[in-house]
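Right, one structure below, let's go through it.
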């Protein structure tokens, strides 16, 4: 473990430079926005009614929980963040937020997210939120990320749980429907993350994070991306076959899945500048957003009232 952690010099911390924007960046707003959206869709698809105010509290708690995990992740990864071009402008690395302050912010934010989820929503949703934060920090960030080539696969559990939390916030249950939502994100995560690793391979090698391209090579990684893309295509159609979404969902999600497979296949003909990997990565974000937008707009049941 110690060989993977390199000392960094953040310089003198100037608290006067810290802004609200820095604290928002500390919570990984791009990741958090997707978490909020998938969590909301999970709530919408639950075949029960909930007061909009309670639904709003649940969404805020999910957002704060995701933000707390992101902040603690940045605290723990501040050494490797300073080595990667993609992460060198994060608040702790830039020296505008002190590392201990970031940790405290993350812990306090996470505590209130879990507490108010339990107080205002239900205990199951609160437990799932707590488990998600714990899993992302302890299982993925601390244990797997710097040790295992399967870091993204196993660690993807935490990123796939927000719709399950949202569903539980309304229904107080875990169902087949919410499990399928989980599977869609869980299977989507590896090809999405490995595409990023393909064009950030040098960064991951430099900070000794064992991402698949750095350990197994690009050809092996592309084969794995294609396998997971095929699995994703199959799983993404399941909401129609269990009656959760209508025929429009089946058609459009099928088309989106075919395009996903096309981009996965195009990786085998990529250029040295990783142009296809970048395109696949960008499309994968669009794909997940649009799939969940479809899940929301073509569902066969209504909930929040």
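In case you wondered, yes, glycine gets a Cβ from its N, Cα and C as well.
Database features, via Swiss-Prot:
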type	residues	note
TRANSMEM	31-51	transmembrane segment
TRANSMEM	52-72	transmembrane segment
TRANSMEM	96-118	transmembrane segment
TRANSMEM	122-144	transmembrane segment
TRANSMEM	151-171	transmembrane segment
TRANSMEM	180-200	transmembrane segment
TRANSMEM	225-245	transmembrane segment
TRANSMEM	247-267	transmembrane segment
TRANSMEM	281-301	transmembrane segment
| request: Give me the stretch from 31-51, 52-72, 180-200, 247-267, 281-301 with the greatest number of Cβ pairs under 8 Å to the transmembrane segment (151-171). | output: 31-51
| note | Long-range CB partners for the transmembrane segment (52-72) (under 8 A, at least six residues beyond its ends), listed in sequence order, are 26-28, 31-32, 35-36, 39-40, 43, 102-103, 105-110, 112-114, 116-117, 120-121, 125, 129, 132-133, 136-137, 141, 158, 162, 165-166, 169-170, 304-305
| note | Counting only residues at least 6 beyond its ends, the same-chain positions whose CB falls under 8 A of a CB in the transmembrane segment (31-51) are 58-59, 62-63, 66-67, 70, 159, 162-167, 169-171, 175, 177-178, 181, 185, 244, 285, 288-289, 292-293, 295-296, 299, 301, 303-305
| said: Below 8 angstroms Cβ to Cβ, which residues of this chain, lying six or more residues outside the transmembrane segment (247-267), approach it? | reply: 191, 195, 198, 222, 225-226, 229-230, 232-233, 236-237, 239-240, 276-277, 279-280, 283-284, 287, 290-291, 294-295, 298
